[in-house]
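Taken straight from TrEMBL:
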{"type": "DOMAIN", "residues": "A:65-105", "note": "domain 'NADH-Ubiquinone oxidoreductase (complex I) chain 5 N-terminal'"}
{"type": "DOMAIN", "residues": "A:126-404", "note": "domain 'NADH:quinone oxidoreductase/Mrp antiporter transmembrane'"}
{"type": "DOMAIN", "residues": "A:609-673", "note": "domain 'MrpA C-terminal/MbhD'"}
{"type": "DOMAIN", "residues": "A:687-765", "note": "domain 'MrpA C-terminal/MbhE'"}
{"type": "DOMAIN", "residues": "A:794-917", "note": "domain 'Na+/H+ antiporter MnhB subunit-related protein'"}
{"type": "TRANSMEM", "residues": "A:33-51", "note": "transmembrane segment"}
{"type": "TRANSMEM", "residues": "A:80-100", "note": "transmembrane segment"}
{"type": "TRANSMEM", "residues": "A:131-150", "note": "transmembrane segment"}
{"type": "TRANSMEM", "residues": "A:162-185", "note": "transmembrane segment"}
{"type": "TRANSMEM", "residues": "A:270-291", "note": "transmembrane segment"}
{"type": "TRANSMEM", "residues": "A:358-383", "note": "transmembrane segment"}
{"type": "TRANSMEM", "residues": "A:567-586", "note": "transmembrane segment"}
{"type": "TRANSMEM", "residues": "A:624-644", "note": "transmembrane segment"}
{"type": "TRANSMEM", "residues": "A:650-671", "note": "transmembrane segment"}
{"type": "TRANSMEM", "residues": "A:692-710", "note": "transmembrane segment"}
{"type": "TRANSMEM", "residues": "A:751-771", "note": "transmembrane segment"}
{"type": "TRANSMEM", "residues": "A:853-876", "note": "transmembrane segment"}
């Protein structure tokens, strides 16, 4: 539990600074300080156990169904990094309190910082690699916020974006790599994965996984050729640079390489990928660092170089190199964070961090200068400081390493990098603090308040202490961390200042001599450098991003030009191709099922249907005709349902067909009756050809699939419904029993959707009566001659006579539905049609004055009745919608059956009637709106004006 | 019989797709209706074909057709009515809003979609007295 708390504390803490800033800057900083401090105390409380060699684990179920466990574990490596993150975090929090200006939003800063800190601690303590990936991405995001903290600076924004792009892309690659790794190991827990070295290295997917994971590590740790983002991220405030870009975030890549070292290292691929990258990075970055005039730029490249050094050591793959790597991580974190804070002090107090404008600060800022000299000497690798120790170990390992059979090249290049390292370290000291005092500093330089120099001073004390007494100060820590990295390999090493006269000592001496020489001859060396080519990484990156954006835009706009027709054609093409791919890949030849004979009447119906479809396509611009033809096709489908043993479907289809035709004709009253010339075949034959080909191919596919299906036997779960319909549902019409009983919950959903659709229609139509469309409707003139016989007598009489009959039929269909074809859906449609006929016969205005039914309420009531039936079952301790039925006896009527499903069907009935009537009545209401005439008072009348017009005409 | 049903499904699909790809809303609605028929018939056919074997339990029945696809198709028919109604009304509203029944919105790819046909329509001479009669908004 305390492990999870260590991770959570910074996150919890992140909530407070933004609030506490109202209580003042110091209160804000104190709040931010308390949470990491608590976490650090908790961590140190675990330290004795870790030093005893225990591994602490805290886990809980995450997605038990997938066997996923989320968990944290603490071993030497995790404790080391968590300690670095929390400890240096505390120093940075103090430092930032004095560094940030009054105008900077401090609360936000600390919130971001703690967010980042929590993510980092999460990365180093996660056991589950998926959890680790989440924290990993979170560090990218929070560092984006921190780098771009000074939002007003374009460099800050660009640097933040670049850092996010590069580390985010690497993070994506790493996700893929981790997934492969987890798949090979069969577990998502690091502690399991770390035990599966043989299986992982033997897998054919080892190399892809390695490359992908390394891509994540290299981008995060700014390894060549991804190193370019780190210097640009220096636009961040100095506390951020000191924290993220020297001590923590850039070490995340190193951490992961160290974490994965037991399973991934030791192969040739690992050696050449990791060691080579590290070596190149170390050398190139050290060279660039020497010629940077910006103090933070110099330190940034120096950081890249030192990260390369550690990467190279990890890449060597030997346990001793791993010890050196761990030791250097510790040493680098101390002296580099101190130097970053130092650069921040110089910038803060002298007003610039351009080396060319500095110099001679030794007497003006004695404390700052002393700290810089000690930390800088450690960076240069001078004895008796800690940087010297780990550099010696590095050179010692480099001497022993052969690269492609070559025994000296690694040592030579490492020494060259060390020369540069000495040179830039002394440049930092000499060009800033020594030399003549100047009189053109932007500010008057002086030492900062103690709050700013104490944190680096603390680190410098460590630098010296580790350097003098390595075995007693850092020995146990290095030992326990190295054991965790190497997976418990036994090593013979000795942390000491003096190892005797070794080759490494000789190389160190050469490096110091050459480095100092280069600094003495700095002008000439720099001229040499400036004569060479300088590829500008930012320009290349920007060009790459611009190219990627242009490509994305070209693809997107090529596919999405705004035309829905085109999208639909693309989508249908894709569906068709996918369908054919599936169809052709499966057995698709005709099956052997016995076929039914084709009755001559069926053939005749088929001819009508095909002809109807062909006519629809040919007449698509003549809209009234196409409605009629499509209606024919619908009727034939309905006949097919009757013939093929589906009486319920036939009843539903025919009633829906009528309602649909009425609806479309009502809409067509407003819509143009003919399609424009511009959409004719002649106007654009190519488009019609494309659509025709697509349609025919898709049609062939559907016909083929249907044919393949119909000629085969298939199994279905229908026998359950057939067996249980009477005994379980109390009805003999199995279709109806399924609808209202077995699958009543589906039906409940369906009627709800239908009700919502009707309300949407109402909203669309009601809104059309106002504003612009309302004015348009008000100015409406019919585009066809109107019949003078507005409400014909024959129709009025016929519909009046039919109304009670239709109601009776509806009731009959409804009541018998459970046992014979029929039911709520069909009854509702029949009743709706009978009602809408009244509107048609005598006009909306006339009918609306007489029909007082609120269709909105009817829809709601229907859904409520259906729901109440279901809930009624729950009241009786049964699952939702459990049905019951019984047989009752009434005098005169006799024995009859009553099922609770009947109540449910009533709900269905009410909803469907309400929905259909709401839709149709509102369409006719719109027609009424456009009519220039008053509402007729009689049920039937003649349009006097049209009649008189005729007379005059 | 199976061949007739399979080919009918294919023909209705083809006609439906062709209509759905047209540039004006109305043929799209018609095409959706055709696609609905085809889909419903296909779903129904997954229960295989049978003549004279309705799924109504009785002692005299020789066999029963698969009732489950029928139940699914029955609700599908009703829902597709709802869908057709919404689409029709949407196309109507779009026509009233933009003065044009092109499927693309004005400002998108098709220049045709930006034309307002309503401006070309003859405006009716609205008699003031008659307009007053359209009173009921309820």
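Don't overthink the numbers, they just go from 1 along the chain as shown.
Each residue, glycine too, has its Cβ placed from N, Cα and C.
All annotation found in TrEMBL is predicted automatically rather than curated by experts.
For the transmembrane segment (A:650-671), the residues of the chain that approach it from at least six positions outside its boundaries are 623-624, 627, 631, 634-635, 637-639, 641-642, 780, 782, 813, 821-822, 825-826, 829-830, 832-833, 836, 840, 916, 919-920, 923-924, 926-927, 930, judged by C-beta separation under 8 angstroms. Through the fold, the transmembrane segment (A:131-150) approaches residues 62, 70-71, 104, 108-109, 112-113, 115-116, 118-120, 122-123, 156-157, 159-161, 163-164, 167-168, 171, 174-175, 178, 190, 216, 220, 233, 235-237, 240, 244, 249, 252 of its own chain, all at least 6 residues removed from its boundaries and within a Cβ separation under 8 Å. In terms of DSSP secondary structure, the domain 'Na+/H+ antiporter MnhB subunit-related protein' (A:794-917) contains 88 helix, 12 strand, 24 coil. DSSP places the residues of the domain 'MrpA C-terminal/MbhE' (A:687-765) in helix, strand and coil in these numbers: 67 helix, 1 strand, 11 coil. Outside the transmembrane segment (A:853-876) by six or more residues, the chain places 744-745, 747-748, 751-752, 755, 758-759, 762, 882-884, 900-901, 903-904, 906-915, 917-918, 921 with a CB less than 8 A from a CB of the stretch. Tallying C-beta pairs under 8 angstroms between the domain 'NADH:quinone oxidoreductase/Mrp antiporter transmembrane' (A:126-404) and each of A:65-105, A:687-765, A:794-917 places A:65-105 first. Below 8 angstroms of C-beta separation, residues 2-3, 5-6, 9-10, 12-13, 16, 74-76, 79, 82-83, 86-87, 89-90, 93-94, 114, 117, 121, 476, 480 of the same chain, each at least six residues beyond the ends of the transmembrane segment (A:33-51), sit close to that stretch. Across all of the domain 'MrpA C-terminal/MbhD' (A:609-673), the predicted model scores a mean pLDDT of 91. Helix, strand and coil counts under DSSP for the domain 'NADH-Ubiquinone oxidoreductase (complex I) chain 5 N-terminal' (A:65-105) come to 26 helix, 7 strand, 8 coil.
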